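Asker: Quick one: the structure is below, and I'll ask about it shortly.
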Amino acid sequence: MSNETTATTARRGQAPRGERIADWADGRLGIYSLAKANMRKIFPDHWSFMLGEVALYSFIIIILTGVYLTLFFHPSMAEVTYHGSYVPMHGIKMTQAFESTLHISFDVRGGLLIRQIHHWAALVFLAAMMVHMMRVFFTGAFRKPREVNWLFGFLLFVLGMFTGFTGYSLPDDLLSGTGVRFIEGVILAMPLIGSYLQMFIFGGEFPGHDIIPRFFTIHVLLLPGIMLGLLVAHLILVIYHKHTQFPGAGKTNNNVVGMPLLPVYMAKAGGFFFLVFGVIAVIAAVASINPVWAIGPYRPDQVSTGAQPDWYMGFAEGLVRVMPGWEWNFWGHTINFGVLIPILVFPLVLVAIAVYPFVESWVRGDKREHHILDRPRNVPTRTAFGVAWLVAYFVMLIGGGNDLWATHFHLSINSITWFVRIAFFVGPVLAFIATKRICLGLQRRDKDKVLHGRESGIIKRLPHGEFIEVHEPLNQEQLHFLTQHEQPEPVELGPEVDENGVRRKLKRSQKLRAKLSKGYYGEDNVIPKPTVEEYKEITSGHGHH
Amino acid sequence: MSETEENLPSERETAHEGAVVKAENPFADPGLPPHEHRVQDTDERAAKRSERAVAFLFLVSMLATVAFIASYVAIPIDKIVYIFPLGHISALNFALGLTLGVALFCIGAGAVHWARTLMSDEEVADERHPIAAAPEVKAKVLADFADGARESQFGRRKLIRNTMFGALALVPLSGVVLLRDLGPLPEKKLRTTGWKKGIRLVNQSTNLPLRPEDIAVGSLTFAKPEGLEESDEEFNEKIAKDALMLVRIQPQNIKDKQELAWSHEGIVAYSKICTHVGCPISLYEQQTHHVLCPCHQSTFDLSDGGRVIFGPAGHALPQLHITVKDGFLEAASGFAEPVGPSFWERG
């Protein structure tokens, strides 16, 4: 303590103000040690690394605009008669929630803009998370040590959907009220506890007077609170693990090549926040979203055609729309499979992608850290699985909008529904096969490029009249890029009998693992990459075209 | 600059070695490629141009913020303008959004342009270290934990351990109990509606009791029970179950016997609430007597007992038995089964 004082006294008048403030903070928070590790931290550069940033920034935009909206919104279901400045609604009965939404839209200057930014940012947020998740999936960035962060991201996606849904319900307009009614039906479909849950969640019979205030608390406090925590954890882990990088010259599993946080990424990432915010503000200026004044207040006996949830609920909506109406009655009880199966399939499909990293590491039997990203073609089975998952997702998105597809393209809604029912099962299988073949084809092309060079497009005529295309050999950087990936051996079951000639007992899980592993890394599922010997033999002059 | 220079030689060495290695392994990592200078790194005039471009973007942002404030003050909130191709839109929303967007975007564009053209773009490499702790660290932690556990006597004093687990397991029950008053018990609420014998059918749009002659062939009429008013405290809860739709079908076209018995001169009354998840059904096809729920496209045949002919609904629409008294339509009884989506106790 005394040393510190003397040091400060000795330098009084010399240290600049900024340094003295930093000293003060360091003495209490230890900021110098923190900055030492992080200020010049290296981040690699790639356009696809910005997708997660879009998600982060739209989340911040949602929080900023959401706080503003709470200043004017009344989450109450008390009935009022409208007398505000939007004349067409005069004298119409509505809840305070809807009335205050009209107030924000027509009486608060800039209120409509903030409402539209809030809603647009929510759509962008979910879309960015989804695309970011796909980037991480297809490049294998979820591998050790990042599996936990994958789960954090997954939870953010799921919670984001529910935060979006509860927010969508708050204005209590005809569209969102219909969505809440749908939730009531889903709750009622739960065996045993359904009708009790419905009464407890709605505070009585639908719609009651409690659901909007309750959704409000969930939407502005509970879910965003959890999400904020997960988000901070997600970012801390990104910094702690250091970012993954694509393969290339000078990039190894033990380094990270890029530019420092200060100043390059401070400017790029900080600037990118403003870019995202600016673009969403312009969208909110020119594109109306959820015009509740055109939809009207909710009444349980009214509905409009073309009712659609926000896009991220389209998958669940599709499942509910195309499920056949199966219902079982027995011993005075009813199970509504028409609703129950979709709401079970919905989480299962999501969980399938959530647990994928653990499945793959088990199949591969690999305990090492992976910091170099995979090129999707080099892991055909994973890529094919991802594409199959996406196909299932988008087929259901079509199902969720089957009425709009029917009216826009003059198709029969029944045919669309049947198409979706079949394509949900067949589509992913076809996509899996096709993707795998495309990946293997791309691997063959890579191999060909390494061994025979790049097609130059120059046609040469040989003295004896033959035409050949000149192939340009690749440079070492390109050769390295195309051959750096690992090609793991499939997990083997070992001999069927042990050293004493007794049949070994194999667990079913071991057999499954060997089978899956063969499906990933077996000889039919990977094109062996060119070896140095092959390359030398061809390039040494006895090469054949 | 000089610091990055210091970092580079090792990379350059690898690059050199790489060239040597190439003879043995043509696929070896050649190391980081040499840095290529941008025009701004070598030409100060180009750098000045970039500086001016960045400053210009920041300046535009400032002007846009001023324009934002000016629009806020100057444009009345109810002013509607025609802007091609957007149509008639709120002038204030358009002006505020556009100026805010430009103000934000230009800050971002300026910062990114600054980073891309003027800040060092030399790629450097940082080492990674394994996430897992070194064996010594792990051993120390495990030993510390063992010490702590031993000192707590947790493993030795089973009585303390078991009672603590018991207490911790029981205490959350208080929280669960507190949730009981979230809502009432279901009892018969989902099975009952406002319809019973003698209640007149009132037209939703005119609020007048319905006579049989009000229902024309091919029309779809919505009705509610007499006595239920929009101003009622629980109107929404009641109409969510009581909403009714009426159509008139030629009696010889009614296929279902019970439906015919419960109808009056071909007028049939069905619950408007879809049996799938409770949306109000509102699309009627006169020729086929099919009704379609616009939410999930469940389709019901009103000439055949409200049978489901397509879509995800699990059971037929409940029919209300109607009759005529003193020239007005009224319910001959309540609904014979619960209306709306099915639930466990429905049976």
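Cβ from N, Cα, C; glycine included.
Checked TrEMBL, it gives:
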- A:21-247: domain 'Cytochrome b/b6 N-terminal region profile' (DOMAIN)
- A:54-73: transmembrane segment (TRANSMEM)
- A:119-138: transmembrane segment (TRANSMEM)
- A:150-170: transmembrane segment (TRANSMEM)
- A:182-203: transmembrane segment (TRANSMEM)
- A:215-240: transmembrane segment (TRANSMEM)
- A:261-289: transmembrane segment (TRANSMEM)
- A:335-359: transmembrane segment (TRANSMEM)
- A:379-398: transmembrane segment (TRANSMEM)
- A:418-435: transmembrane segment (TRANSMEM)
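Let's see these features in context: how buried, what's close, how far.
Answerer: For the domain 'Cytochrome b/b6 N-terminal region profile' (A:21-247), the model gives a mean pLDDT of 96.
Within its own chain, the transmembrane segment (A:119-138) has Cβ neighbours under 8 Å at 48-49, 51-52, 54-55, 58-59, 61-62, 65, 150, 153-154, 156-157, 160-161, 163-164, 167, 276, 280, 283-284, 287, 289-290, 310-312, 353, 356, 376, 382-383, 386, 390, counting only residues six or more beyond its boundaries.
Tertiary neighbourhood of the transmembrane segment (A:150-170): same-chain residues 66, 73, 75, 97, 101, 118, 122, 125-126, 129-130, 132-133, 136, 142, 176-177, 179-180, 211-212, 215-216, 218-219, 223-224, 226-227, 230-231, 233-234, 237, 290, 309-310, 312-313, 350, 353-354, 357, selected by CB-CB distance under 8 Å and a gap of 6+ residues from either end.
Listed as Cβ neighbours of the transmembrane segment (A:182-203) (distance under 8 Å, sequence separation of 6 or more from its ends, same chain) are residues 209-211, 214, 320, 333, 335-336, 338-340, 343.
Among residues of the same chain six or more beyond the transmembrane segment (A:215-240), those with a C-beta under 8 A of the stretch's C-beta atoms are 38, 41, 56, 59, 63, 66, 70, 73, 75, 146, 148-149, 152-153, 155-156, 159-160, 162-163, 166-167, 169-170, 180.
Beyond the transmembrane segment (A:335-359), the same-chain residues lying 6 or more positions past its ends with a Cβ under 8 Å from any Cβ of the stretch are 133, 137, 142-143, 146-147, 150-151, 154, 158, 185-186, 188-191, 315-316, 319-320, 323-328, 385, 389, 392-393.
Long-range neighbours of the transmembrane segment (A:379-398) within the same chain, counting only residues 6 or more positions beyond its ends whose Cβ lies under 8 Å from a Cβ of the stretch, are 134, 137-138, 140, 311, 314-315, 318-319, 322, 349, 352-353, 356, 360, 405, 416, 419-420, 423-424, 427-433, 435-436, 439-440, 443, 519-520, 525-526.
Same-chain residues lying 6 or more positions outside the transmembrane segment (A:418-435) and placing a CB less than 8 Å from one of its CB atoms are 318, 321-322, 324, 380, 383-385, 387-392, 395-396, 398-399, 402.
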